[in-house]
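Novice: Supplied in structure tokens, the structure appears directly below.
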Amino acid sequence: TLLLTLVVVTIVCLDLGYTLTCVTDKSFGGVITEECAAGQKICFKNWKKMGPKLYDVKRGCTATCPKADDNGCVKCCNTDKCNK
């Protein structure tokens with residue numbers, strides 16, 4: 001039973017098989033998501049103001065946090081759907 005306990009604790013601690021889910025688009029009906037590929041452990045939201053109440057927004061999975069464009073902003077996070 002000690003061996004079984006150690007195996008269970010190891011699996012829980014390693015969190016084997018976990019895949020991050022990030023938002024890729026938003027609409028009035030909700031959000032569209034994707035499961036991130038291996039090595040992509042960050043969700044991002046990159047937005048830039050294009051005019052009054054008009055923004056160009058990109059969302060998705062990434063391995064590294066992207067840099068903001070001129071006059072743009074970036075949010076990076078690492079929990080499911082954190083980039084709404």
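Each residue, glycine too, has its Cβ placed from N, Cα and C.
In case it helps, Swiss-Prot gives these features for our protein:
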| type | residues | note |
| --- | --- | --- |
| DISULFID | CYS22-CYS43 | disulfide bond |
| DISULFID | CYS36-CYS61 | disulfide bond |
| DISULFID | CYS65-CYS76 | disulfide bond |
| DISULFID | CYS77-CYS82 | disulfide bond |
| SIGNAL | 1-19 | signal peptide |
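Can you tell me where each of these features sits in the structure?
Specialist: Just so you know, the Cβ of CYS22 (disulfide bond) picks up 26 other Cβ atoms within 10 Å once every protein chain is counted.
Secondary structure from DSSP puts CYS61 (disulfide bond) in a beta strand.
Counting Cβ atoms from all protein chains shown, CYS76 (disulfide bond) has 15 others lying within 10 Å of its own Cβ.
Neighbour list (CYS77 (disulfide bond), Cβ cut-off 8 Å, at least 6 residues apart, same chain): ILE42, CYS43, PHE44, ASN83.
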Novice: Could you list the residues of the same chain, at least six apart in sequence, whose Cβ is under 8 A from the Cβ of CYS36 (disulfide bond)?
Specialist: THR19, LEU20, THR21, CYS22, CYS43, CYS61
Novice: Highest CB neighbour count within 10 A among the disulfide-bonded residues CYS43, CYS61, CYS65, CYS82?
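Specialist: It comes out as CYS43.
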